[in-house]
Amino acid sequence: MTTELHDDASGRLIVGLDVPTIAEAEKVVEELGNAVSFYKIGYQLVFAGGLDFAKSLVAARKKVFLDMKLLDIDNTIAKGVENVAKMGVSMLTLHAYPKAMRAAVEAARGSDLCLLGVTVLTSMDNADLREAGYSDNAETLVLKRARQAHEAGMGGIVASAVEAQAIRQAVGPDMAIVTPGIRPAGSEKGDQKRVMTPADALRAGASHLVVARPIVGAPDRKAAALAILKEMRSIGRS
């Protein structure tokens, strides 16, 4: 398993295809053209034929982040990861539980699949964690899971950019830190609670930024993507 961190902004911006149909996803990709090279596919699109669409994106020389947030018994995780590795996608998420991560890392060994451990969803805050039965606050739990992901040999983690600086200090320079909840200045937060602008996220130590609604929901999607890329390039590599 390798972790490819891009200096070029176009390789660090991941557009979330959070749309209901393959036809709409195809339209987004067509409109964005060569401006975007990396796409995230999650549950909504997976259940509408998104796995085949992921393969078509790979065939078109695009990179794919398959956001499945896997969590199961070790053997089931391993068998699933083995098949995902054969698809040619670049990234796959699973929840950052030590046994699951160790099984996934072993299953992906020898492939180019970058495994990402999901720490705490960016839609959750401390009150949500307490309601779910966790005694740790968000930052404490994120750092704990980030260290566990590093120890398990994962390629990176998914976390809010709010915690990115602390994570980078904890795990060093080589792990990918993939940050959802990215909102350009003036954008609506939507259902995200721990958000940051693209520039601030990169300054904090994020390696990849996941942006969905601010691009996919924009009247001019390509212009929105190019504006974010311009902001990212103005910062350079953190």
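Residue numbering: from 1, along the chain as shown.
Glycine too: its Cβ is placed from the backbone N, Cα and C atoms.
As written in Swiss-Prot, here are the features:
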- Asp18, Lys40, 67-76, Thr122, Arg183, Gln192, Arg213: substrate binding site (BINDING)
- Lys69: active site, proton donor (ACT_SITE)
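In the structure shown, across all protein chains, Leu71 is the one of the binding-site residues Leu71, Ile73 with the greatest number of other Cβ atoms within 10 Å. The DSSP secondary structure for Lys69 (substrate binding site) is strand. If you count neighbouring Cβ atoms within 10 Å for each of the binding-site residues Asn75, Thr122, the highest count belongs to Thr122.
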